[in-house]
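Chemist: Got a structure for you, questions after.
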Amino acid sequence: MSFTTRSTFSTNYRSLGSVQAPSYGARPVSSAASVYAGAGGSGSRISVSRSTSFRGGMGSGGLATGIAGGLAGMGGIQNEKETMQSLNDRLASYLDRVRSLETENRRLESKIREHLEKKGPQVRDWSHYFKIIEDLRAQIFANTVDNARIVLQIDNARLAADDFRVKYETELAMRQSVENDIHGLRKVIDDTNITRLQLETEIEALKEELLFMKKNHEEEVKGLQAQIASSGLTVEVDAPKSQDLAKIMADIRAQYDELARKNREELDKYWSQQIEESTTVVTTQSAEVGAAETTLTELRRTVQSLEIDLDSMRNLKASLENSLREVEARYALQMEQLNGILLHLESELAQTRAEGQRQAQEYEALLNIKVKLEAEIATYRRLLEDGEDFNLGDALDSSNSMQTIQKTTTRRIVDGKVVSETNDTKVLRH
C-alpha cells in the first residue's frame, strides 16, 4: 500500500528596488486536498496541495517604514552608520532566529515522518475471505439443490405410495367380492346338501313303504291260500293270468333305484363341477389375494423405508438449516467485527489526516516566517552591500512589483514508510 503526500506552499511578497522585503498581510489563495484509494488497498494515494499568497504594503511596524523614518530624520552619514549598526544587530538576531526556526522545522519534519511511519493509513486485505465466502455460498447453493432434489424424490415416492394404495384398495375390493362369492357358493353347497339329505330321506321312506306293502301282500296271499285250502273247493276261473305283484314291485323298486341313482349321479356331478369351479375360483382368488398381500407387504415396507428416508431427510434438512443459520450468524458477527475495524481504521485515518493538516498548517506558518526572515536577511545583506548608494525612495517606488515563491514537497509512503521525498521551489514574478 502506498501513499503520496504532496504539500505546496507559495508566498508572495513585494520587492523593494533590488532587494526583497516580506509582506505582513496574508491572504490564502487556494487550498485543495484529494484522496484516492485503489481496490484491495494497493495503489492508494493521498495528495494535499496548498497555495498561500501574502501580499500587502509595509505596515507601521515594518522594516521599510522604520528605515524610511530613520533615514529621513537623520539626513547624515553618522546617522546612517548608526542605523546600519542597529541593522547589523537586528540581522544577527534574525540569523539566530532563522537558525532556531530551521532546527525547529527539521524537528517537525522528523516528527511528521515518524508519525506517518507509525500511524500511516493501513488497509487490511480481505480478499482471502472472499474465497471462503464464495465456497460457503457454493455449498449453500449445492445443499439447496440437494434439498430440492430430495423434496422432489419424496413427492415422487408419495405419489408412488398413493398409486400403490389405490391398487391395494382395488385388490382388496376384488378380494372381498371373491370372498362374498365363495360365501354364496358355500350357501348353495349347503342348500344342495340339505336337498340331497331330504331326497335320501324320501328314498328311505319309500323303501320302507315298499317293504311294508310287500309284507302285506305276502300276508294277504298266504291268507287267501289258506282259505282256499280249508274250503276244499277247486275253483277254476277262466280269467287271464294275474300279474306278479312282486315283479311289479321289483320293477318299481328298480325304477326308483335307477331314478335315485341318476339323480344322485347328476347331483354328484353337478355339485362336483360346482365345487371344482368354486375351488378353482377360490384357488385363483387365493393366489391373487396372496399376490396382493405380497404386494401390500412390499408396499408397506416401501412406505416404511420412504418414511424413514423422509425422516432422515427432514433431520438432514433441519441440521443443514441449523448449520446455515450458524454460518450466517458467525459471518454476520465477523462482518460486524470487520465493519467495526473498518470504522476504527477510518477514524484513525481521519485523525491522521487532521493531524497531517494541522502539522502542514504549522509547517506552512513556519515556512512563511522563514520566507519573511530570508527576505529581511536579503534586504539587510543588500543594504550592507550597497552602503551609501542605497536609496529608500527607489525601494519604496518599486514596491509595487510582487514575487511568489512556491515550494512543493512530495512524499511517497509505502506500507506506512516514507520511501522518497522531493522538494521543488519555484519563484513566480507578478
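Keep in mind that glycine also has a Cβ here, set from the backbone N, Cα and C atoms.
Residues or ranges marked as SUMO1 cross-link by Swiss-Prot: Lys426. What Swiss-Prot lists as domain 'IF rod' is 80-391, and the listing cites sequence analysis. The annotation O-linked glycosylation site is assigned in Swiss-Prot to Ser30, Ser31, Ser49. If you look up Swiss-Prot, you'll see Ser7, Ser10, Ser18, Ser34, Ser49, Ser51, Ser53, Ser398, Ser399 (among others) marked as phosphoserine. The annotation phosphotyrosine is assigned in Swiss-Prot to Tyr36 on the grounds of similarity to another entry. Per Swiss-Prot, the feature omega-N-methylarginine maps to Arg55 (among others). For Thr404 (among others), the entry in Swiss-Prot reads phosphothreonine. Per Swiss-Prot, region 'Head' is recorded for 2-79. Annotation comment: Swiss-Prot describes 77-128 as region 'Interaction with TRADD', evidence class experimental evidence. Annotated region 'Coil 1B' per Swiss-Prot: 133-224, in sequence order. The region 'Tail' annotation in Swiss-Prot covers 388-430.
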Chemist: For the region 'Interaction with TRADD' (77-128), jot down how many residues DSSP puts in helix, in strand and in coil.
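Modeler: Helix (H, G, I), strand (E, B), coil: 44 helix, 0 strand, 8 coil.
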Chemist: Let me know the model's mean pLDDT on the region 'Tail' (388-430).
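Modeler: For the region 'Tail' (388-430), the model's average pLDDT rounds to 56.
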Chemist: Would you mind splitting the region 'Coil 1B' (133-224) into helix, strand and coil residue counts from DSSP?
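Modeler: Across the region 'Coil 1B' (133-224), DSSP assigns the residues as follows: 92 helix, 0 strand, 0 coil.
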